[in-house]
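A.B. asks: Sharing the record's features from TrEMBL:
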- 1-30: region 'Disordered' (REGION)
- 1-14: compositional bias 'Polar residues' (COMPBIAS)
- 61-472: domain 'Major facilitator superfamily (MFS) profile' (DOMAIN)
- 98-116: transmembrane segment (TRANSMEM)
- 128-151: transmembrane segment (TRANSMEM)
- 157-176: transmembrane segment (TRANSMEM)
- 188-211: transmembrane segment (TRANSMEM)
- 223-243: transmembrane segment (TRANSMEM)
- 323-345: transmembrane segment (TRANSMEM)
- 357-375: transmembrane segment (TRANSMEM)
- 381-402: transmembrane segment (TRANSMEM)
- 414-435: transmembrane segment (TRANSMEM)
- 447-468: transmembrane segment (TRANSMEM)
């Protein structure tokens, strides 16, 4: 094969002509022979083989990562559940100290996310890397059950953010080495459902812990941290031997499947650029205004979605007991998981991204307006079924959109995905202060800010849609004139305008032989 392998770690990359020969040990047949065989398949035969390949990858990759993500979110969201079990009183937290504890979690998360993804590009075995990270956050989470004051819980939460940071961006990066862009959004949506299911399972589990250890000499919230942390560590040791790394290094794939896995990614994402430095890739991502617009939308979505950090507290204002409150937090998460699946599936099927951010945002706005307008318990609980799907329904569509916007070169995509999550999560540093206890039960300031932020999310998606359609139109005009980024074109003005803005559109789509240029999803 003439192109480098999509999403392989940069430390294993060689010259394009040598890359696949080194990575693929195709027994008696050369990589070129496998490529010729694949090219000779009929469309029906190719579709059947790809369907079988995808089913095999989904069964091996998705379940284990979903369980890891469920445990990730359960550990992270243990704090709000511990709060209503007496954590604040036992640790003597006063004033805004609880809000500060929430903030420092995401300070650590943000500080570590981009560096961790840069390191991931140099790791030969991301399966071991992700498993090691999981062991680390499980230990830190368990230690939270042994603290006795504000300084102790704040320190634990800071390091929890540090240790959890590499996981999500790392998984998104790993997915991009297995799935085409039309498949990526749906898989990210399925994966992200783990977070929503963790909200349901976490609430049910916390209710069980609260009931089981209600009269224990060790407070139930301490058992919550200890048990969840221990389970995470035990499970993490198993994952290192289960998670596949890349198509070309996975032993349970046949030679044909390895070649198919690589070939289809080359056809989808195009010819990889020559190897560039990490700092150069960071500069490319930083000067691309499309990347920054996507990040802005992600920041506002994350800010609104941060209401889950206070969901048990918000539900408790309805006047129910501790166990009832924890149980009532589960149903909105289940509905959100189902909606996220549908939204990302339909986004992939239509290759459209902006509508699947705009419509959920509109639904979220309705939920916020209901919450502001009334104190009726039933109406406010119903509003949660609008706000959570409306906010979280946009989340994975945004990540899939970023993977398309910054698709090439590979290092730019890795950094852009990390930027999208890291900078998006900056909202979680300041949003805890929107929910001071003194504002309960209505929390008017918080909902007013959330309303404004959701409008910004909707507007950002509209603007990005218009700009990307404009770029696609320009590339169509350049295509018609025989231009490609690799071949050159006489109209220097149009070419320079596309290239100086860090455009992904315009690079050859499927290699030089296809003479097709990549276009943006809108």
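Just so it is clear, glycine is given a Cβ too, placed from its N, Cα and C backbone atoms.
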A.B. asks: Please check if the transmembrane segment (323-345) comes into contact with the transmembrane segment (381-402), where contact means 3 or more CB pairs closer than 8 Å and the residues in each pair are separated by 6 or more positions.
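C.D. replies: These two segments touch.
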A.B. asks: Using a Cβ distance cut-off of under 8 Å, indicate which of 98-116, 128-151, 381-402 has the most pairs with the transmembrane segment (447-468).
C.D. replies: 381-402
A.B. asks: On average, what pLDDT score does this prediction assign to the domain 'Major facilitator superfamily (MFS) profile' (61-472)?
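C.D. replies: PLDDT averaged over the stretch: 85.
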A.B. asks: Going along the chain, which residues at least six beyond the ends of the transmembrane segment (98-116) come within the CB cut-off of under 8 Å?
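C.D. replies: Hits for the transmembrane segment (98-116): 76, 79, 83, 88, 133, 150, 153-154, 157-166, 169-170, 309, 415, 418-419, 421-423, 425-426, 428-430, 432-433, 435-436.
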A.B. asks: Cβ under 8 Å, sequence separation of at least 6 from the ends of the transmembrane segment (157-176): give me the contacting residues as numbers and ranges.
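C.D. replies: For the transmembrane segment (157-176), the nonlocal Cβ contacts are 6-7, 61, 65, 68-69, 72, 75-76, 79, 101-102, 104-113, 116-117, 119-121, 126, 129-130, 133-134, 136-137, 140-141, 144, 184, 187-188, 191, 245, 399, 403, 413-414, 417-418, 421-422.
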